Amino acid sequence: MRFDIITIFPDFFAGPFDFGILKRAHTTGLVQIATHDLRSFTHDRHRTVDDRPFGGGEGMVLKAQPIYEAMKSLNLSPKIGRDKKKETVILLSAQGQPFTQSLAQELSVTERVVILCGRYEGVDERVNELFCDREISIGDYVLSGGELAAAVIVDAVVRLLPGALGNPDSSRFESFGAEEVADRSDSADGPPRSTYGAGGLLDYPHYTRPADFMGVSIPEALSGGNHEAIRRWRRRMALKKTLENRPDLLEKIEITEEDREILAELRGYEE
Ligand code: SAM
């Protein structure tokens with residue numbers, strides 16, 4: 001898989017891509033990440049990439065011409081008829097569709113992802129119309145530029161590539177995992193999975209040694225080695241976390257009879 005990132009701050013990415021899973025994926029060739037300096041596609045002495053907005057108002061807008069030339073240098077196929085499984089062009093924008101785990105999954109099976117990082121007031125909208133397949137936001141807040149958002153997307157996508165994580169199950173059974181509820185059946189004949197959130201829930205809390213830290217002990221269910229007790233505790237805690245922090249997610253997931261009972265208990269009443 002390959003990422004091409006168009007930015008006015010290519011050096012920004014030296015940090016985020018130089019550690020842990022991303023660095024390993026990069027150095028082993030699992031992913032190629034290239035940054036392209038938008039200023040190299042300008043032709044004036046000041047290497048101007050921005051200009052004042054039509055209609056007036058504060059701030060500056062990234063010009064279309066250097067972006068067009070940057071895109072042209074990437075030999076992309078024309079937007080109309082582009083095979084989005086092969087290549088897709090993303091405009092980062094606070095006005096975009098929300099970036100989610102399922103979008104990360106979708107991008108992780110794309111051969112090439114081109115990401116355009118905005119700055120200032122944003123990018124001339126004609127760039128979006130003419131070259132971009134999707135406008136993506138990483139959350140309901142405004143960043144100073146698209147670079148942090150690009151790093152977030154690359155990180156979330158790369159860890160889903162087969163071979164990126166030491167244990168591939170780590171990305172199957174974590175928060176927002178798309179894994180079916182039905183796939184929670186391992187406890188009968190093996191140790192419980194280290195992560196069990198999955199099925200669209202948030203992950204449950206994790207603990208490691210020592211069993212007692214500052215007088216706070218780990219939950220009893222986790223210390224006895226009873227796989228079924230561990231499974232039930234994890235499911236309960238995943239439901240509790242989700243109910244407390246992201247109740248909206250509960251509307252979207254498949255709920256079992258067991259989940260229904262746990263949720264009724266957590267809410268403090270019988271359903
Ligand atoms: N005028 C824009 C607005 O009100 O939506 C904000 C522009 S912002 C200061 C500059 C650039 O940062 C944007 O063009 C975009 O590339 C990036 N950006 C800001 N917030 C973002 C977000 N939530 N997700 C993705 N990119 C974002």
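Using N, Cα and C of the backbone, Cβ positions are placed for all residues, glycine too.
Curation does not apply to TrEMBL; its annotations are automatic.
According to TrEMBL, the domain 'tRNA methyltransferase TRMD/TRM10-type' annotation covers 1-252.
Under the DSSP three-state reduction, Gly139 (S-adenosyl-L-methionine binding site) is assigned to coil, being neither helix nor strand. The Cβ of Gly139 (S-adenosyl-L-methionine binding site) has 11 neighbouring Cβ atoms from other residues within 10 Å, across all protein chains displayed. The feature S-adenosyl-L-methionine binding site is assigned by TrEMBL to Gly118, Ile138, Gly139, Asp140, Tyr141, Val142, Leu143.
The feature region 'Disordered' is assigned by TrEMBL to 176-201.
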Rounded mean pLDDT within the domain 'tRNA methyltransferase TRMD/TRM10-type' (1-252) lands at 92
These are the binding-site residues: Ile138, Val142, Leu143. Which one scores highest on other Cβ atoms within 10 Å? Ile138
